Amino acid sequence: MKAGNFSDTPEFFLLGLSGDPELQPILFMLFLSMYLATMLGNLLIILAVNSDSHLHTPMYFFLSILSLVDICFTSTMMPKMLVNIQAQTQSISYTGCLTQICSVLVFVGLENGILVMMAYDRFVAISHPLRYNVIMNPKLCGLLLLLSFIISVLDALLHTLMVLRLTFCIDLEIPHFFCELAHILKLACSDVLINNILVYLVTSLLGVVPLSGIIFSYTRIVSSVMKIPSAGGKYKAFSICGSHLIVISLFYGTGFGVYLSSGATHSSRKGAIASVMYTVVTPMLNPFIYSLRNKDMLKALRKLISRIPSFR
């Protein structure tokens with residue numbers, strides 16, 4: 001089979017979620033609405049946190065960064081998907097595909113790290129409330145965020161540089177709506193053993209370690225809450241963690257569900273549909289989960305909206 005390297009691999013073809021022409025206008029309107037809702041919801045969270053001095057705490061700092069990451073994450077794939085549907089084309093350049101792979105890995109890694117930081121923040125707030133401001137100082141928050149960013153970028157660069165060494169077969173169709181690393185490796189004509197080993201090794205490391213940190217934090221949180229004598233105190237402590245637990249369940253649940261379902265059905269197209277959950281639906285729902293379950297956030301949002309001048 002004919003193969004090519006960087007110079008003679010001009011573009012890949014994203015097959016999307018459906019090849020039915022009649023469904024394309026529906027898909028376009030659906031995903032455009034979801035993308036706009038994601039952008040608006042997360043932008044409101046960022047503005048509300050920055051405009052209200054009462055929300056200038058580590059918890060809301062991490063929340064605003066999470067919203068920014070969600071905006072960037074969806075923006076790496078959704079605009080290209082919408083353009084392809086509207087223009088009735090499936091092409092994406094080789095450079096564009098590599099950029100998408102790198103960006104997705106960076107922002108998924110960042111989201112993973114921020115969820116761990118938020119779990120640690122809740123652990124300190126509940127288990128060591130008197131020392132909270134000392135432990136969760138701005139310097140520590142900044143260092144944790146910087147560490148997560150460096151790890152995510154190094155992970156993304158490692159995989160992207162390893163893809164650069166591959167040659168590709170003539171059939172460059174990707175049964176997905178964005179360039180996913182696993183699908184790109186399947187299209188390669190050259191040996192991808194090292195790439196696959198790196199994928200499994202790094203994904204296991206960057207998946208198991210953060211998840212273990214979250215489980216450890218919540219184990220300690222449960223232990224601390226059970227020592228609270230009053231039922232009202234226990235409820236208040238657990239309610240603080242409620243939104244974060246829902247977001248964690250969505251992020252990890254949909255992420256693991258995608259790969260388990262795709263492995264069970266052996267259908268790349270069904271895997272692409274399942275991927276919509278963690279790439280589109282979860283970033284869209286996060287602002288609603290944090291705002292609807294949080295009185296301080298609702299109050300800040302009302303204040304922010306009241307400042308917007310009405311046009312008559």
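From the backbone N, Cα and C atoms, a Cβ is placed for every residue, glycine too.
Some features that TrEMBL has for this protein:
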DOMAIN    41-290  domain 'G-protein coupled receptors family 1 profile'
TRANSMEM  26-47  transmembrane segment
TRANSMEM  59-78  transmembrane segment
TRANSMEM  98-120  transmembrane segment
TRANSMEM  140-158  transmembrane segment
TRANSMEM  197-216  transmembrane segment
TRANSMEM  237-260  transmembrane segment
TRANSMEM  272-292  transmembrane segment
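Here the transmembrane segment (197-216) has long-range neighbours at 109, 112-113, 115-116, 119-120, 151, 155, 158-159, 162, 181-182, 185, 248, 252, meaning same-chain residues at least 6 beyond its ends whose C-beta is under 8 angstroms from one of its own.
Beyond its flanks by at least six residues, the transmembrane segment (237-260) meets 66, 111-112, 115, 118-119, 122, 125-126, 211, 214, 218, 221, 224-225, 228, 271, 274-275, 277-278, 281-282, 285-286, 289-290, 293-294 of its own chain at Cβ-Cβ distances under 8 Å. With Cβ pairs under 8 Å as the measure, the transmembrane segment (272-292) is packed most heavily against 26-47, out of 26-47, 59-78, 98-120, 140-158.
By the count of Cβ pairs under 8 Å, the stretch nearest in packing to the transmembrane segment (59-78) among 26-47, 98-120, 140-158 is 98-120. Long-range contacts of the transmembrane segment (98-120) within the same chain: residues 59, 62-63, 65-66, 69-70, 72-73, 76-77, 80, 92, 141, 144-145, 147-149, 151-153, 155-157, 159-160, 163-164, 178-181, 184, 206-207, 210, 213-214, 217-218, 244, 247-248, 251, each at least 6 residues beyond the stretch ends and with a Cβ under 8 Å from a Cβ of the stretch. Here the domain 'G-protein coupled receptors family 1 profile' (41-290) returns a mean pLDDT of 86 for the predicted model.
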